[in-house]
């Protein structure tokens, strides 16, 4: 009842929004004839007129109808394609910072040209975000003629590009690129030493294609720039040898099996836990291998790394499967994206898991990496002033889009009515029976000349289906992480009569499957082609198109249900584009991962009670409903994980924003002399008062230790005893001031020897290098804190609040250490070392034209909310 009520509310909200948007569509349509009358030159001149109107105070919403009408007319002239009204609707939704759900084949690429053009008019830049380099290049090449006709520049941002190419791409009005590359460029920009090394401008408007894949599926994977850490490959090899001696606990909660296993597996959360028996066994093995001292516990603080290695090794062996989660190629372990089935070269699992899998597979173990900079996609895309996205499947995730990104989901109606037939699921007892049924369905379609797209959830499953088809000499194409070089070409021709295509987790997403095959791809095979040949190819294509339509269109076969209903809908959505005929059916077994882990015992009990014969399936709405409920459980669990990840990452995100903001101010400043003086004063005072109590005279002061401290840490030989002898009644305030003044004079004398310009250069480089070094260490420390913070729950403490409190304290300590390290280094530097230091770092030296000083009344860098003068700038 509640779900029906909420669905009704959402439906009404969607209809109300569409009603408003349709009024704007009418305005666009009314302008169409006016723009048709304009010459090409008059049409092109509109762009500069729009920009002038924006500079004079009009808003993007004010000029939207005219801008959209202009793009529609330009598209008719450049592409011979007219935007449908539903595409205008989609464009309006995207400009209003919404997620536009547009079904497959509804022309999302053409729709994107509308908001991209409009939002590029203010000169701040538009980033169009795609899932991979191929789609970025394809869409850029496809839409560039239109944008250039309208006087806009288009850039392409790919991973292999040079600094200058990237800079040029980002300076373009519209930039195409992948989510990974935009994110990494942001992180790299916050690691540079001069403004000239940055490639990105201020983040203005992001238009995300396949937004559900990027903002939902990849939300749990942070972008990380890392550097090499110490070599611990031998330890991974030794720990890997322990795993065969450990046995899994079969039924964790059963008294019969109590104490018989060494570890328990939680498949839902992909975690492994040592039992008490396992702990004792592991400790004994580690004692024997001399990796741990006798009498110590694996849980003691100095052995926590060993514990981490053991659990990583167990996860590598028991939870991560070759050809499902990863491939082994060229003596390397390559991650397979669980959502797309594509390989992710260069990506590595963190926390030692990747090294543990390398040890398991007996390939070369690469050093662990230390995080230098990181950010989640959730927090990166929230940096944009405006963000919008489009996909064919967003409605099931509308709550998450709204709660995390504050984006409404608008379901855009199709241009033509959807007539695809979605048949009920067929559920078998075993995997073997299910495979038999799938092969029979494929054979039936071949007889009808009906094309088939088989969707699998892993490389392993796609290869099982492929082997069965090869046994029967059935020609087919396989699209998975192993064979993706011609992915788009294969998927484009998957609509040919009788063609069989197997795709892992919808590889090839972003390319339309046209019934009869893709005519454009067929024509592009020829470099020089006569009009007669074109007509011949078109005639053949029309014949094959009609044959496929009469056979029932593209038939989709799902080999099992995915954890998310949305991924299932993506697979189904490949069929039935633009009113085409089509059909879909999912084949399941009780041995499927989803059914085994998440389906209720009632389904299993019912299946057994029915006493199904071999190769007999159950087809019932009750079963389908139960499966959907299992999927909803997983979706809710995954949403909770992503939400919790964001809540934890928000803590470090505040600190990251503060560090990056101050770092950029440092880089943009001509010099930081005044800031350095403030830091000197602050650091010296905080160290002096440790030896000189407040409101006291010299008889209460620890002068000997103070002089040692000043000499060792700050190379300062202050004549404190001489001052006291001359003026016995010196107060604590006066002596502190005198030491600070002495240090300032000492520093000025040093500056005379080194040279003012050189000193300014050294100050900035030292500040930046020390900040980067400490920030790197802070990220590692916070990561360790995060890994163990859940244990605070056993002490009746809120782990999140404890994490916030401790990470803030760690951040404050880091800032204090930063100031101390900078002052200590600058105090010790001499003229000869200064010259060597500048020569060593001259590639970092850039001059600027403004001076930086942190305002005493501005918010403190640490994020406490206090003014700088009352927090880390206090004197």
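Placed from the backbone N, Cα and C atoms, the Cβ positions cover glycine too.
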Hey, Swiss-Prot has ATP bound by 87, 105, 106, 107, 108, 109. Any idea which of 512, 546, 568, 592 it lists too?
512
Would you find the one among the binding-site residues 87, 105, 106, 107, 512 whose Cβ has the most company, meaning other Cβ atoms within 10 Å?
87
Does anything in the same chain, at least 6 positions from residue 108 (ATP binding site), have a Cβ under 8 Å from its Cβ, and if so what?
90, 100, 102, 209, 390, 392
Around the recorded ATP site (87, 105, 106, 107, 108, 109, 512), other residues with Cβ within 8 Å of the Cβ centre, ordered by sequence, are 102, 104, 110, 111
